[in-house]
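Database features (Swiss-Prot):
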MOD_RES   Q1  pyrrolidone carboxylic acid
BINDING   C13, C16, H17, M79  heme c binding site
Amino acid sequence: QDVEAGAVSFRKCAPCHAVGEGAANKVGPVLNGLPGRKSGTIAGFNYSDANKNSGITWDKATFKTYITDPRAKIPGTKMVFAGIKNDKEQDDLWAYLSQFGPDGKKK
């Protein structure tokens, strides 16, 4: 995985999501601490019932399925994004996001 390529890919996500120290919820929730986090648990973000009740714990495989087609993975999600179909881009994006701990600091 290429973290720098993942950072470039994250530009597609940045209009709605934030990562890093001082990140705040936007249209979408903060993505700090994503690996191992339960879906629908970021404080202060108004998740859809579908997201809160999905039972998802984020790992690479789940993320890749979700980011391929968010509305297919979680019908009823508020996320309005067509998805990322390219396998390498998905891997790079996961590598980029995975480096941020829950506090937004890089591991």
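Backbone N, Cα and C atoms are what each Cβ position is placed from, and that goes for glycine too.
H17 (heme c binding site) is surrounded by 20 other CB atoms, counting those within 10 A of its CB over all protein chains shown. Cβ proximity to the heme c site centre (mean Cβ of C13, C16, H17, M79, cutoff 8 Å) flags the following additional same-chain residues: A14, P15, K26, V27, G28, L31, F81.
Between the C-alpha atoms of the residue listed as 'pyrrolidone carboxylic acid' and C13 (heme c binding site), the distance comes to 18 Å. Sequence-distant contacts of C13 (heme c binding site), defined as residues of its own chain at least six apart whose C-beta falls under 8 angstroms from its C-beta, comprise G28, L31, F81, L93. Most Cβ neighbours within 10 Å, among the binding-site residues C16, M79: M79 holds that distinction in the structure as shown. DSSP classifies H17 (heme c binding site) as coil under the three-state reduction. The residue listed as 'pyrrolidone carboxylic acid' is surrounded by 14 other CB atoms, counting those within 10 A of its CB over all protein chains shown. Residues C13, C16, H17, M79, recorded as binding heme c, reach a greatest CA to CA spacing of 11 Å.
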